[in-house]
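Copied over from TrEMBL:
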type	residues	note
BINDING	GLY65, ALA67, VAL68, ASN72, SER312, ASN344, LEU409, ASP412, SER413	Na(+) binding site
DISULFID	CYS171-CYS180	disulfide bond
TRANSMEM	53-74	transmembrane segment
TRANSMEM	86-105	transmembrane segment
TRANSMEM	136-158	transmembrane segment
TRANSMEM	226-246	transmembrane segment
TRANSMEM	255-275	transmembrane segment
TRANSMEM	309-326	transmembrane segment
TRANSMEM	338-363	transmembrane segment
TRANSMEM	397-418	transmembrane segment
TRANSMEM	439-464	transmembrane segment
TRANSMEM	470-493	transmembrane segment
TRANSMEM	530-550	transmembrane segment
TRANSMEM	570-590	transmembrane segment
Amino acid sequence: MVFGSEIGYSKHEDDVEQTPTNGTINGNAITQISDTGHDGSKVNETEEEREKWGSWLDFILACTGYAVGLGNVWRFPYLCHEYGGGAFLIPYLIMLFCCGLPLFFMELSLGQFASQGALTIWSICPLFTGIGYGMIIVSALVAIYYNVIIAWTVYYGIKSFSFPNLPWISCNNTWNTEFCFDEVLNTTRASARENESAAVRATEEFWNYKVHGLSDKPTIGEIGGINWHLLGCLAASWIVVGVCISKGVKSSGKVVYFTAVFPYVVLIILFFRGVTLPGARDGILYYVRPDEFQYILDAKTWYHATTQIFYSLGVSFGVLLTFSSYNKFHNNCYRDAIIVSLINCGTSIFAGFVIFSILGFMAHESGRSVKDVVDKGPGLAFIAYPEALARMPGSQFWSFLFFFMLFTLGLDSEFATMEMLITAVVDKLPQHLKKWKPLVTFGACFLGFLGGILMVTKSGLFIFTLTDTYAAGFSLIVIALTYSLIISYIYGLERFRKDIEAMIGFMPGIYWKVMWGGIITRRLSRGHRLILPGVIQVLLPLIIIGSFVFYTPAHYNEYVFPPAAEVCGWTMTLASFLVIPGYSVYAVIFKANQPSYIERLKFLTKPTKEWGPLLDKHRREAGYHVLTSTKNPTTNGATQVDRDDAHYFAYSQDIAL
């Protein structure tokens, strides 16, 4: 199929003369484009340009900063040594190329082609606009609790300036119990020496009792008072986020030059410091040596490798759609997807060397094995690492450097998530209200701050854990599966590949077809054809099934959350998932006027006439009818306004296979 055949017009960008005017409308540049009409006459098109990245490097660093986050530093190393060391890398890399990279490229391509955010881009298939709302709900929940982690790093960074010793390595503090023990300063309490099984490390007591103010027998239902030190850090974190993204991608695109690059500087410094410490070799060998290949046959290994790839790359949050929507139409998103995906996974692997060299040193100093000094989740970043850093000469400097690195890792991911939410709201506003985007930005940050207050109360650590467990998991996988099916089978995989070709100059090859699905085999009997599913459509249902097979109720250490908390958790999950079929039902009833429901479904699964590239010059290149009003001068000096309102229907609906 030739996309330009319907209008018989295709003009390269270099053949169109562009002359910018001297003004702007609502902060967006207005471009006067001189072109030739269908009848050979000169016409002028006034088009509103969407905000763009300052440079290609801005976009790459923003995507890298979003993808490379806190999970690369502590979650990946934990999973790696928990499931066979180097053997874990085999399913990890397989899932990267079979699931993560194809979804990453699909989202970048979709957002760049239409120049729309996560909510308005579903004009490609209006029946499933609920996907955009699901992305917004997931991202909003994640943005709230993710900034709480950033607040923790702020607090630990401030406390790193304590002299002569770091506050979390001593048992001589008001928050310590009689079971406190510490091997750095040798300040073990008497009860800890008498009952070693009940002994608690000083770093753990600092985390539980000083940072979070937990009681002896805490429960999630006892909110208690507010931890004012964490509330102040949370407010500071949201102020930083609001200021940095106040001017959209023009401001956040510059900030990421620091927030995306600085963590690599710190990781490199910590790497060379770590490998020179006693015991570092044992930690690194534990990390890379594939001694237990039986883990490759364990379904849990594949499940965790898949979820790590999924969350690390950040697909299904809507952030990638938003970021790529600010790209120039002919940006090479194919190249960008490969670069960012490889940088992200390479960072995880490199961070493993950094972390395990430090843990090897900690094991050497304490006389334990590497496995025994590692805790999962927040415990690894805020219990084990602070203790390991406290054992180094110049511990205050290394501690501050480490937590400042975590702070910057969290910030650029938070920038990305908030930019997605703000863009989704602004894209839905009438044109004359878009100038209030800064107000929307600060309003969103204030609401995020209010939403995080519960997580800095006395039971806030439990509320945080519950949100972290249920906010983004099952829903993300369902969202990814849904939009991959829409693009491959409703919109049409061949049409989608043609759209990509219009942007980057070549069509994605057989690898992408196999991963995305919608491959049409040769004709069968009676003219029917068999459409094969892609690897994504096979893997993601298996992941969904696995999430139930390996499901365990949410818990923090030994405390298992009560059924009421589980109900709240699943409510968060269902809120971002059920909105997809819920909106579809609403659209069929209220958004279509066809007499039968079958005809309404057919109508709502076709792209709207607004679907396609933003600017008319790019619509012509991709074979889409132009929608911008054009003014043609007449003999009496008046102007005649014409508009091309032709539909460009879905390939899978109107073109015979």
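Note: Cβ is positioned from N, Cα and C throughout, glycine not excepted.
TrEMBL: automatically predicted annotations, no manual curation.
Here the structure is a predicted model, which means the values were calculated and not measured.
The Na(+) site, placed at the center of the C-beta atoms of GLY65, ALA67, VAL68, ASN72, SER312, ASN344, LEU409, ASP412, SER413, has further neighbours from the same chain whose C-beta lies within 8 angstroms: THR64, TYR66, GLY69, GLY71, ALA260, GLY314, THR347. Listed as Cβ neighbours of the transmembrane segment (570-590) (distance under 8 Å, sequence separation of 6 or more from its ends, same chain) are residues 126-131, 133-135, 137-138, 141, 467, 470-471, 473-475, 478-479, 482, 597, 600-601, 604.
Of the candidate ranges 338-363, 439-464, 530-550, 439-464 has the most C-beta pairs within less than 8 angstroms of the transmembrane segment (136-158). Tertiary proximity for the transmembrane segment (338-363) is limited to same-chain residues at least six positions away from its ends with a CB under 8 Å from its CB atoms, namely 60, 63-64, 67-68, 72-74, 76-77, 80-81, 89, 92-93, 96, 100-101, 104-105, 264, 267, 270-271, 274-275, 277-284, 286-288, 308-309, 312-313, 369-370, 372-374, 384-385, 387-389, 391-392. Listed in sequence order, the residues of the same chain lying 6 or more apart from SER413 (Na(+) binding site) and placing their CB within less than 8 Å of its CB are GLY65, TYR66, GLY69, LEU70, TYR146, GLY314.
CYS171 (disulfide bond) sits 36 Å from VAL68 (Na(+) binding site), taking the Cα positions as reference.
Counted over residue pairs separated by six or more positions, the transmembrane segment (470-493) shares fewer than 3 Cβ pairs under 8 angstroms with the transmembrane segment (439-464), which leaves the two as not touching. In this structure, the recorded positions under consideration are VAL68, CYS171, and the one with the smallest number of other Cβ atoms within 10 Å of its Cβ is CYS171. Taking the C-alpha positions, the distance from LEU409 (Na(+) binding site) to CYS180 (disulfide bond) comes to 32 Å.
Across the structure, SER312 (Na(+) binding site) and CYS180 (disulfide bond) are spaced 36 Å apart at their Cα atoms. For the transmembrane segment (86-105), same-chain residues at least 6 beyond its ends with a Cβ under 8 Å from one of its own Cβ atoms are 79-80, 287-293, 295-296, 301-302, 305-306, 308-310, 312-313, 315-316, 320, 333-334, 337-338, 340-341, 345, 349, 480, 484, 508, 512, 515-516, 534-536, 539-540. Most Cβ pairs under 8 Å to the transmembrane segment (309-326), among the stretches 53-74, 439-464, 530-550, belong to 53-74. Using a 10 Å Cβ-Cβ cutoff, GLY65 (Na(+) binding site) registers 28 neighbours.
Fewest Cβ neighbours within 10 Å among the recorded positions CYS180, LEU409: that distinction goes to CYS180. Across the structure, CYS180 (disulfide bond) and VAL68 (Na(+) binding site) are spaced 36 Å apart at their Cα atoms.
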